[in-house]
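Shown next, in structure tokens, is the structure this report addresses.
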Amino acid sequence: MEKTFALITIFLAFAFSGKCSDVFSRCDFPEGFVFGSSTSAYQWEGAVAEDGRKPSVWDRFCHSHNNQGNGDITCDGYHKYKEDVKLMVDTNLDAFRFSISWSRLIPNRRGPVNQKGLQFYKNLIQELVNHGIEPYVTLHHFDHPQYLEDEYEGWLNHMIVEDFTAYADVCFREFGNHVKFWTTINEGNIFSIGGYNDGDSPPGRCSIPGQNCLLGNSSTEPYIVGHNLLLAHASVSRLYKQNYKDKQGGSIGFSILTIGFSPSTSSKDDAIATQRANDFFNGWMLGPLIYGDYPDTMKRIVGSRMPVFSEEESEQVKGSSDYIGINHYLAASITNSKLKPSISGNPDFYSDMNVILSFFANFSSSEYDVAPWAIEAVL
């Protein structure tokens, strides 16, 4: 298996000047440590109906939830990317991590590439490179095209593996000479949970009482989507390594969101529950990527609702990442739940995990305190 290493995305509340006179400066970090900023297409670009772009699931989700904002304009990066790159230079950043809007680049499933969308990303990447900013590119950041959701339910259908691979092929071919770091999927675990268990992010599917989802099945869909994400990643990784890696010299990986879990007491039950939380939240994606299969704990608890890798699929997923991207914000203590995991009724991801999470510091759906110290336990 190819060596896998962690690429850690760290969010800083202040900028470093590049000098070593400050109490805390770049000089406190090893040579080669990369300081950068990060965003995604829907959070940054705006221009949602310009130059041939078609809606993504984020557009439909935001405009069908009246109490939500939307990304119609947002930072207006589509028009102001040169100003933003100048800010990066002024802030002394080394890198910019952004995502490509699939529905801007390919507005129809197997139709032609949108030349205006293509030119935007070429211009952005060239602007970054011209100013010494390394582009880190994500292919999917929660925003597959709405036309795929309408046609075959998007990530719930294995058909998306082929379409995602075709989309990635365009990106590698058109941008790969200047892009050395590719992430196929951003936070695969969170996309699966938020979009298909909780219903609080696109495409907004769930079956949890009180969540007001129109469609969905929280007992099965998160696991199906997670499975297809991994298969799509493996397919795209294989394409890159076979056709592009030697010529372009880049790396390709997959990212997850991690939480620093620790037991709330010294009891054996809480220690076991903490391991179970790690297996469900982190091992769900990491297990297949590193070992070729899901954690035994998940397979035992989820049972027949858990998709199964064929021997060939297992070998394709195992070792398919040159790196694992870690997005880290939070820490939580874990208490074993006295409730038995649901085997009937309406099980979901959290009832399967069957723990009580208590987040450290302030936490709400809209804001929370970052816990950088917990990343040591994650690693």
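Cβ atoms are placed via backbone N, Cα and C, with glycine included.
Over in Swiss-Prot, the protein carries these features:
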- Glu187: active site, proton donor (ACT_SITE)
- Gln43, His141, Asn186, Glu187, Tyr329: beta-D-glucoside binding site (BINDING)
- Asn217: N-linked glycosylation site (CARBOHYD)
- Asn362: N-linked glycosylation site (CARBOHYD)
- 1-20: signal peptide (SIGNAL)
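On the backbone, the CA of His141 (beta-D-glucoside binding site) and the CA of Asn217 (N-linked glycosylation site) stand 22 Å apart. Those same-chain residues not listed among Gln43, His141, Asn186, Glu187, Tyr329 yet with C-beta within 8 angstroms of the centroid of the beta-D-glucoside site C-beta atoms are Ser38, Ser40, Thr138, Phe142, Ile190, Ser255, Leu257, Asn327. When the Cα positions of Gln43, His141, Asn186, Glu187, Tyr329 are compared pair by pair, the longest gap among these beta-D-glucoside-binding residues is 18 Å. Of the candidate binding-site residues, Gln43, Asn186, Tyr329, the one lying closest to Asn362 (N-linked glycosylation site) when CA atoms are compared is Tyr329. Note: the Cα of Gln43 (beta-D-glucoside binding site) and the Cα of Glu187 (active site, proton donor) are spaced 15 Å from each other. Proximity of Asn217 (N-linked glycosylation site) to non-local residues of its own chain (separation of 6 or more, Cβ distance below 8 Å) is seen for Arg205, Ser207, given in sequence order. Of the recorded positions Gln43, Asn186, Asn362, Asn186 has the largest number of other Cβ atoms within 10 Å of its own Cβ.
Under 8 Å, Cβ to Cβ, and six or more positions away along its own chain, Glu187 (active site, proton donor) finds Phe142, Ser255, Ile256, Leu257, Asn327.
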